[in-house]
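Participant: I'd like to ask some things about the structure below.
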Amino acid sequence: MKRENHTLITEFTFQGFSSFHEHQLILFVVFLALYTLTLAGNVIIVTIIQIDCHLHTPMYFFLSMLSTSETVYTLVILPRMLSSLMGMNQSISLAGCATQIFFFITFGITNCFLLTAMGYDRYVAICKPLRYTVIMNKRVCIQLVWGACSIGLIVAMTQVTSVFRLPFCATKVAHFFCDIRPVMKLSCIDTTVNEILTLIISVLVLVVPMGLVFISYVLIISIILKIASAEGQKKAFATCASHLTVVIVHYGCASIAYLKPKSENSRDQDQLVSVTYTVITPLLNPVVYTLRNKEVKYALLRAIGRKLS
């Protein structure tokens, strides 16, 4: 009978923001504005880094990769979320759901490890400045990016394969996109093994990168505190401030979403956390790196100046 139910179900339906039915138009306008800013910000960052030779350094190479990854990450989730807020089709095929989960996990995890690579870059720049260009050569930078993407792909394939081998009996996804836990809840059978696998993977892809970034910053701060001049300390801290801000918000939101006990929050609270890491966090990257980063701001002004002249 379970096998029969499994074959009968060909699509899922998102419950979306049904709890906020009266405010869906307001949510649509707000999310559309944030999404537009995110896309514009990331496109500007990638373009500026490409055209300005002053930004052809490992730090900005990683930043352009992060902006590209986050652009695809938001494309997977937000257009469909916006269409559902306007009352359009709330259903998604099993293949479409699997594809959404695959790309969501791939680029979400890629972002985590790109932030780790950026932390390593800051560590080498401050703790080993004389060897920086040797250690962070082009080949190493490409390998770090490829490693981040590979981990994302491997984890995504593992998760999608394990979840979509389950027999499904229910069709209503208590979320606004296909995420691992809401989809697993639709299964006819006990999913304890899948939940344990998801928890192990979440710990590995969040705690390990967070630990590496933490170690990098402990070493960075210990070196900065040894700098004699206050101006030198301020300059060294400034080079890390943007990255550290993005890291804290990114890992903080992801940890709340995937490392908390599964029964701790209500569906509305889960959706609020999900909105934070699918809408707010991707916007944080371009905002922080354009408003707080002097080199990017100067590069943007140079590009505008050339265009006006």
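Placement of Cβ uses the backbone N, Cα and C atoms for every residue, glycine included.
Grabbed the feature section from TrEMBL, which reads as follows:
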{"type": "DOMAIN", "residues": "41-289", "note": "domain 'G-protein coupled receptors family 1 profile'"}
{"type": "TRANSMEM", "residues": "25-48", "note": "transmembrane segment"}
{"type": "TRANSMEM", "residues": "60-81", "note": "transmembrane segment"}
{"type": "TRANSMEM", "residues": "101-120", "note": "transmembrane segment"}
{"type": "TRANSMEM", "residues": "140-158", "note": "transmembrane segment"}
{"type": "TRANSMEM", "residues": "196-225", "note": "transmembrane segment"}
{"type": "TRANSMEM", "residues": "237-259", "note": "transmembrane segment"}
{"type": "TRANSMEM", "residues": "271-291", "note": "transmembrane segment"}
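I'm curious about the neighbourhood of these features; can you describe it?
Facilitator: As a whole-number mean, the pLDDT of the domain 'G-protein coupled receptors family 1 profile' (41-289) in this prediction is 85.
Only residues 6 or more beyond the boundaries of the transmembrane segment (196-225), in the same chain, are considered here, and those with a CB under 8 A from a CB of the stretch are 109, 112-113, 115-116, 119-120, 122-123, 126-127, 151, 155, 158-159, 162, 180-181, 184, 233, 236-237, 240, 244, 247, 251, 254-255, 258-259.
For the transmembrane segment (237-259), the residues of the chain that approach it from at least six positions outside its boundaries are 108, 111-112, 115, 118-119, 122, 125-126, 198-199, 202-203, 206-207, 209-210, 213, 217, 220, 224, 270, 273-274, 276-277, 280-281, 284-285, 288-289, 292-294, judged by C-beta separation under 8 angstroms.
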Participant: For the transmembrane segment (25-48), which recorded stretch in the set 60-81, 101-120, 140-158, 271-291 gives the largest number of Cβ pairs separated by under 8 Å?
Facilitator: 271-291
Participant: Which residues, given as numbers and ranges, are at least 6 beyond the ends of the transmembrane segment (271-291) yet have a Cβ under 8 Å from it?
Facilitator: 17, 19, 31, 34-35, 37-38, 40-42, 44-45, 63, 66-67, 70, 73-74, 77-78, 81, 175-177, 179, 242, 245-246, 249-250, 253-254, 256-257, 265, 297, 300
